[in-house]
Amino acid sequence: MGQLELLKLLSFLCLIRFSASEIFFEERFDDGWQGRWVRSDWKRSEGKAGSFKHTAGRWSGDPDDKGIQTTTDAKHFAISAKIPEFSNKNRTLVLQYSIRLEQDIECGGGYIKLLSGYVNQKKFGGDTPYSVMFGPDICGTQKKALHVILSYQGQNYPIKKELECETDKLTHFYTFILRPDASYSILVDGRERDSGSMYTDWDILPPRKIKVVNAKKVLFLV
């Protein structure tokens, strides 16, 4: 399941599994996009749910190259599309999308989530469990985070590095690559922003312990 909690204009979304490069999901938001996406009713009863607009945005070289855009400030936005069941076991997984922030942001997120299992698409929201959360989150001048959060056994683990997102009004392409050896890469506009290993950059696994055998009592070093 693909979920968006986005800020302004999202124009391209793609989920790829490498090793023969199989594309699981690709969305270019053409005229049939509404048949593939479900708007959530999250926050609607409180009057806090915003709406989406299908548009090429304020600045576009091609009026037919459209995305979905949030239309009101200080609202909550959530929309999702089903993805065919897949496994990335022993294969490289690539999650990527493009987004443009057409105005200065006081507080808001433009991230996407990869959900797993059954989800009531009309009811999901900020507390709905997910497998991966990836993308920018901005609040004031202090927080300009590029989130990379992985979920394991019901617990969410943010990356331990401080990564910054783009804050200008241009279109940017965000890519997260996760490989079978647990290495990863984060790209912005096709250029590597960061890389490393799941074993060291998330606290998913407990600290390793080294057994000291030449001692009267067994001692474990963390």
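Each Cβ is built from the backbone N, Cα and C atoms, and glycine gets one as well.
Residues or ranges marked as signal peptide in TrEMBL: 1-21. Sequence annotations record features per position, and here TrEMBL assigns disulfide bond to C107-C139.
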For C139 (disulfide bond), the number of other Cβ atoms found within 10 Å of its own Cβ: 13
Number of Cβ atoms other than its own within 10 Å, given for C107 (disulfide bond): 12
